[in-house]
Amino acid sequence: MPSDSSVISNGHSNGSVNPLPNLQRTYQVVVAATQDWGIGKDGKLPWRLPTDLKFFKEITMKTSEPGKKNAIVMGRKTWESIPLEYRPLSGRLNVVLTRSGSFDIATAENVVICGSMSSALELLAASPYSLSIEKVFVIGGGQIFREALNVPGCEAIHLTEIQSSIECDTFMPPVDFTIFRPWYSSFPKVENNIRYSFTTYVRVRSSAAESAGQNIDPLLDNNSESMKFEVKDFSFLPKMISERHEEYLYLKLVQDIIAEGTTKGDRTGTGTLSKFGCQMRFNLRGNFPLLTTKKVFWRGVVEELLWFISGSTNAKVLQEKGIHIWDGNASREYLDGVGLTEREEGDLGPVYGFQWRHFGARYTDMHHDYSGQGFDQLLDVINKIKRNPDDRRIILSAWNPVDLKLMALPPCHMFAQFYVAHGELSCQMYQRSADMGLGIPFNIASYALLTCMIAHVCDLIPGDFIHVIGDAHIYRNHVRPLQEQLHNQPKPFPTLKINPKKKDIDSFVAADFKLIGYDPHQKIDMKLSV
């Protein structure tokens, strides 16, 4: 994909900046729009959002090279809607599109007039602009967006999503989500009683026509070749946007532990680098935080969570489905090593699912029917969310000191609290011990999925997932593979679709969950320490 001074020819990338007439600059769109794609009323913005204006100025003005500036491309009506004292917009090359030969401007400084979008992009691909202009941003209005939004030259769309209902008379075309995927979405903001958020969408495929030619089904298994992104490099994004991808929360924590972590011993004898007291916050409203810098075992995430929800403590249930993540802690050798010599192989004891569904019940073995025994915390969580959403005691705990000695492994992710506001469900989970290489990518996805499932059965929208970690550690034998992972650039997170017909937490099966747009880097092997 073209980068900072990129040009395209006949819809294809070209690394050259030679001023050939058939070459055009690529560009990014910056726009604020309502949920029905309204962008204006009576020739003006129908909202007053100072933070949005600040964002617009920052993204269109910032450059990575001090000697360069950005270009902003707009139609004549958009130009005229800018107050006279602010025209032209400072620090940027203002490119105004008009077919009117009599169009007059107050000053020629930093202003260029072009007759069409294509002629403007050709001009910006030619000298001197090919060398002096770093990025090109298209800023409106409606007709310009209709020409520019979903065509191959558009690399990204920086959209301020207005969630409040506001009357408009000017509209932009909808974003084509078959070719654009969300890169980053801010947490919602409220300003002047208007709720909104900032979202950047990046192009991942050449065109809707080419995607349609592949017969892409959005519910296909994510391993299908038809789900792979055509665009592999997203370095065209402004740095201020690129670094907001939420995967960097994880990557920066890993990098920090490798660089600054305390050397510690551990029960496995492997040795770790460790930091204490960390937090990551993920936005579940549009994306699903399944890491992309390595392939995460999605089927394993789903099946393990369903296993927890069922209350099962039998590792063989997962083994029969090809899920072997608990094999090490369920083996005969391991159970004997922790003093559970009378425990049947595969019986993990009163671990997560048992505590979620039968807290306080007396544990015998994995075969016993515990129906009606103990306290069903998960059902209690769902009932409180439905009946008393402002309750501050919506808690799910896997930590039961009485049962710890009976568990093959005490719970690492041990405590979750749920919170309802604005029709959204958020979850904060505390994890006492966090294996950053193998465990945390799984844990992030698992509790994000649990939050989405509970929101779904309670007719709420997923909100935030806040991951609080006590001992965040990297095993010594994971340092090298994690350093390999740190060299991978994140890709857009996928989105999650849940079967709308399922409304009972106990009714879900793995086929009820579909990922759309998961195209990670390759799997990176790391050895489990037990």
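Cβ coordinates are placed from backbone N, Cα and C, and glycine is handled just like the others.
What Swiss-Prot lists as region 'Disordered' is 1-20.
Summarising the annotation, Swiss-Prot assigns domain 'DHFR' to 26-203.
In the three-state DSSP assignment, the secondary structure recorded for Thr160 (substrate binding site) is strand. The substrate binding site annotation in Swiss-Prot covers Val30, Asp52, Ile139, Thr160 and is backed by similarity to another entry.
Annotation for Arg146 (NADP(+) binding site): same-chain Cβ neighbours under 8 Å, separated by at least 6 residues, are Met172, Pro173. Look at Swiss-Prot and you will find Ala32, 38-44, 76-78, 97-100, 140-147 tagged as NADP(+) binding site.
Annotated region 'Thymidylate synthase' per Swiss-Prot: 206-530, in sequence order. Summarised as a single figure, the pLDDT of the region 'Thymidylate synthase' (206-530) averages 93.
Non-local contacts of Gln431 (dUMP binding site) by the CB criterion (under 8 A, 6+ apart in sequence, same chain) comprise Cys412, His413, Met414, Asn443, His467, Val468, Ile469, Gly470. According to DSSP, Gln431 (dUMP binding site) is assigned to a strand segment. Feature annotation from Swiss-Prot assigns dUMP binding site to Arg267, His413, Gln431, Arg432, Ser433, Ala434, Asp435, Asn443, His473, Ile474, Tyr475.
Positions annotated as active site by Swiss-Prot: Cys412. Counted within 10 Å of its Cβ, the other Cβ atoms near Cys412 (active site) come to 18, all protein chains included.
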If you count other Cβ atoms within 10 Å of each one's Cβ, which of the binding-site residues Asp52, Asp435 has the most?
-> Asp435
Same-chain shell around substrate excluding Val30, Asp52, Ile139, Thr160, C-beta within 8 angstroms of the CB centroid, reads Val31, Ala32, Phe55, Phe56, Ile59, His158, Leu159
Around the Cβ of Gly43 (NADP(+) binding site), the count of other Cβ atoms that are within 10 Å | 12
Find the one among the binding-site residues Gly40, Asp52, Ile139, Gly140, Gln143 whose C-alpha lies closest to that of Ser433 (dUMP binding site).
-> Asp52
Tell me, if you would, which residue among Lys77, Arg267, His473 (binding-site residues) has the fewest other CB atoms within 10 Å in the structure shown?
-> Arg267
CA-CA, which of the binding-site residues Gly43, Lys77, Gly140, Arg267, Tyr475 lies nearest Val30 (substrate binding site)?
-> Gly140
Counting all other Cβ atoms within 10 Å across every protein chain shown, which of the binding-site residues Val30, Ala32, Thr98 scores highest?
-> Ala32
